[in-house]
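What follows is a set of notes on a single structure, which appears directly below.
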Amino acid sequence: MKRSLMFIAFLGVAFLCQDVVGRYIDDEVDEDQDWEVPLNRQKRNLWQFKNMIKCATDRSAWDYNGYGNWCGAGGSGTPVDGVDRCCKAHDQCYDRNQKCNPKWNSYKYSRSGKGASCRITCHNYPKNDRCELNVCYCDKIAAECFRRHPYNKKHKN
């Protein structure tokens with residue numbers, strides 16, 4: 001419960017901060033985007049991850065917050081199932097990329113379809129920024145991992 005409340009508070013603060021600085025703008029890149037035009041639309045990373053989860057699983061990201069031992073803020077112990085292993089791997093990916101500030105570093109990506117037909121592509125244009133690409137792949141791999149493992153309501157606290 002404490003983990004869930006901390007995560008909800010974090011998302012609330014992040015959302016308010018975005019509105020204050022006026023950076024809450026659409027995060028996706030259209031597949032037909034003219035790549036000669038600079039891409040300056042961005043959101044904070046956690047919102048992008050939320051959208052990837054929705055695309056890959058057709059579930060709300062909130063369904064995964066507080067799931068098992070690893071999904072949500074913090075995490076410890078033995079993962080309870082495949083979904084929880086996805087969360088642990090995601091946390092470890094963020095840990096490996098900590099210098100990139102993964103919870104706040106936005107990135108460029110596109111998505112199409114929903115659920116089993118969802119296709120997520122991380123883009124490394126125009127900045128050729130390795131940090132942005134790494135963080136995008138952390139989120140993409142986790143969202144696709146969630147899709148491969150059944151969601152079990154009994155593991156949601």
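Every residue, even glycine, has its Cβ placed from backbone N, Cα and C.
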Site-mate of Gly72, Gly74 for Ca(2+) in TrEMBL, selected among Asp91, Asp95, Asp129: Asp91
Cysteine paired with Cys131, where TrEMBL records a disulfide bond, from Cys93, Cys100, Cys118, Cys145: Cys100
TrEMBL annotation, disulfide partner among Cys55, Cys71, Cys86 for Cys145: Cys86
According to TrEMBL, the disulfide-paired cysteine of Cys122 among Cys118, Cys136: Cys136
Cys71, Cys93 - which one TrEMBL pairs with Cys87 by disulfide: Cys71
Partner cysteine of Cys93 (disulphide bond, per TrEMBL) from Cys55, Cys138: Cys138
Candidates Cys100, Cys131, Cys136, Cys138 (disulfide-bonded residues) - the one closest to Asp91 (Ca(2+) binding site) by CA: Cys138
Under 8 Å by Cβ from Asp139 (active site), same chain, sequence gap 6 or more: Asn45, Gln48, Phe49, Met52, His90
